[in-house]
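Colleague: The structure follows.
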């Protein structure tokens with residue numbers, strides 16, 4: 001269907017521009033963007049995510065470094081590694097793959113990353129800049145940044161007169177998404193799983209962002225005809241039709257039921273996910289440019 005937003009294709013276009021801008025940095029200023037990824041333990045899902053990020057970084061022409069720490073590593077050792085990377089001029093972006101083991105304080109780890117190298121956009125200073133509408137100076141969390149690019153592709157950069165509803169209030173997606181949409185002049189409602197009359201609120205949305213972590217929660221009767229639906233959810237559910245014990249990935253939106261009612265909708269997989277990794281590359285490229293006080297490439 002023509003109304004399905006192809007996240008893979010859009011991400012490929014973003015990556016092509018990142019490659020081009022990386023070549024310019026190398027040729028004009030002899031600088032290669034560098035990213036360091038830290039993974040603690042051997043969680044299979046985390047291993048897959050880290051491998052895809054590292055592969056994409058190398059594809060972009062970045063210097064890429066991966067640090068694998070044992071699950072039982074002391075928090076102090078992790079913080080010491082972050083401090084070393086903070087001081088390394090070859091590294092412009094640092095990310096700690098989440099989740100971390102229970103004995104490590106996630107906030108202490110993410111806040112230890114230098115603000116200018118916080119390419120996940122999780123540092124309180126970057127969050128504060130975004131909330132204060134100082135977007136040009138902030139590093140924007142990757143998933144909201146990617147979702148926003150998809151929305152702009154459909155609606156343009158000025159969302160005046162449009163109602164946007166976000167279902168999900170996380171610091172990683174919901175809250176930064178609300179700030180970005182507000183900055184683009186949308187009228188924003190930030191809802192969550194405990195919001196009263198949630199289906200009715202969703203039906204008012206010209207732009208509906210689902211980021212609540214509940215598989216196929218958003219049904220057809222929740223969606224306004226002609227809405228743009230961005231599904232950030234990624235959930236694994238049983239797929240007995242594939243065989244015993246098999247699973248499949250679905251979003252927070254009941255895609256098959258909802259898609260015919262929308263102006264545009266993102267699938268899961270192949271929607272927001274590829275854009276998240278693409279925006280991580282964008283953030284790293286921008287961090288490298290800022291490190292030399294060069295103009296920041298626009299995307």
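The backbone N, Cα and C atoms fix where each Cβ goes, glycine too.
Swiss-Prot lists these features:
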- 168, 169, 170, 193, 234: NADP(+) binding site (BINDING)
Colleague: Within a 10 Å radius of its Cβ, which of these binding-site residues (170, 193) has the fewest neighbouring Cβ atoms?
Modeller: 193
Colleague: Within 10 Å of the Cβ of residue 169 (NADP(+) binding site), how many other Cβ atoms can be counted across all chains shown?
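Modeller: Cβ-Cβ neighbours of residue 169 (NADP(+) binding site) within 10 Å number 18.
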Colleague: Using Cβ-Cβ distances, find the residues under 8 Å from residue 168 (NADP(+) binding site) that belong to the same chain and are at least 6 apart in sequence, listing them in sequence order.
Modeller: 174, 191, 192, 209, 210, 211, 212, 213, 232, 252
Colleague: Which whole number of Å gives the largest C-alpha distance between any two of 168, 169, 170, 193, 234, the residues noted as binding NADP(+)?
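Modeller: Maximum Cα-Cα distance: 16 Å.
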Colleague: Around residue 234 (NADP(+) binding site), which residues of its chain at least 6 apart sit with Cβ under 8 Å of its Cβ?
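Modeller: Residues satisfying the criterion: 249, 251, 268, 269, 273.
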Colleague: Taking DSSP as the reference, which of helix, strand or coil describes residue 234 (NADP(+) binding site)?
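Modeller: Assignment for residue 234 (NADP(+) binding site) reads coil.
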Colleague: Please report the DSSP secondary structure of residue 193 (NADP(+) binding site), reduced to three states.
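Modeller: The residue in question, residue 193 (NADP(+) binding site), is coil (DSSP, three-state).
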